[in-house]
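**Q** Shown below is the structure under consideration.
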Amino acid sequence: MSTFTNPLKSRLKETDPLFGLWLSLGSDAAAEALAHAGYDWLLIDMEHSPNDSGDVTSQLRAIAAAHLPSEPVVRVPSSEAWLVKRVLDAGARTLMFPNIESADEAARAVRLTQYPSAGALDGERGVAGAVRAAGYGMRRDYVQTANAQIATIVQIESARGLQEVEKIAATPGVDCLFVGPADLAASLGHLGDSKHADVQAAMARIVSAADKAGIAAGIFAMDVASAKQHRDAGFRFIALAADVMWMLRATRQALQEVRS
């Protein structure tokens, strides 16, 4: 089988913006269909969506079945070693960790994605050969190549994380800082108001920290206008809302138009 590679990890180092979509429906059919939409990446959400490790595996298969460039990302609900291991064994190559608040937490997230090896003796990932990620044992170089190909994205979504953001960004193995705008706004005392000046200043600080560390900054955008604003502000890894949001917007608009 071909060598295990992660094109998204290398693309995160480039300057061109990468636009993605949140998959919240828990549907492998939706995941496969949306792989045809042309997004750079599709995020399978385990934190706020009804996805367990089996659902994630089904959606990873569905996206792969499209044979198109959309790269799957999986957001795990927490830094639990057993869960991270299952998601990686299922074939995920890029993981997002929520609410990282210190360099130590960021370093732990990275360790969870790494096999113990000469370059990462503190890696915490358990070794299993006959898993989907390794072609069920047919991709024999997987264990040797996986460490260098797994991408780690950490979310900054609290006042505490913001205060440590420069140290988090400088953590070896972190590929991207991703802003959780709703939670960040709430943590800064502005629940429901991510447009507040304090929140905007926090976002600018996160972009600056990422730039200084030579990594990407990402964010969730509610609509096209917001996505363009974030792009112009220096964000390079941008989620253009979620599948369920676009489904409701389009169907409601169509119904309103036909009834008018």
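Heads up, the Cβ atoms here are built off N, Cα and C, so glycines get one too.
Dumping what Swiss-Prot says about this protein:
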- HIS48: active site, proton acceptor (ACT_SITE)
- ARG75: site 'Transition state stabilizer' (SITE)
- ASP89: site 'Increases basicity of active site His' (SITE)
- GLU157, ASP183: divalent metal cation binding site (BINDING)
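Have a look at these and tell me how they're positioned relative to everything else.
**A** Within 10 Å of the C-beta atom of HIS48 (active site, proton acceptor) sit 12 other C-beta atoms, taking all shown protein chains into account.
When other Cβ atoms within 10 Å of the Cβ of ARG75 (site 'Transition state stabilizer') are tallied across all protein chains shown, the result is 24.
A 10 Å cutoff on Cβ-Cβ distances gives ASP89 (site 'Increases basicity of active site His') a total of 19 other Cβ atoms nearby, all chains included.
Secondary structure from DSSP puts GLU157 (divalent metal cation binding site) in coil. Long-range Cβ proximity for GLU157 (divalent metal cation binding site), meaning a same-chain Cβ under 8 A and a gap of 6 or more residues, is found for PRO98, ASN99, VAL179, GLY180, PRO181, ALA182, ASP183, LEU184, SER187.
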**Q** Suppose we draw a 10 Å sphere around the Cβ of ASP183 (divalent metal cation binding site). How many other Cβ atoms does it contain, all chains included?
**A** 18
**Q** Taking the Cα atoms as reference points, how far is ARG75 (site 'Transition state stabilizer') from ASP89 (site 'Increases basicity of active site His') in Å?
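**A** With distance taken Cα to Cα, ASP89 (site 'Increases basicity of active site His') is 15 Å from ARG75 (site 'Transition state stabilizer').
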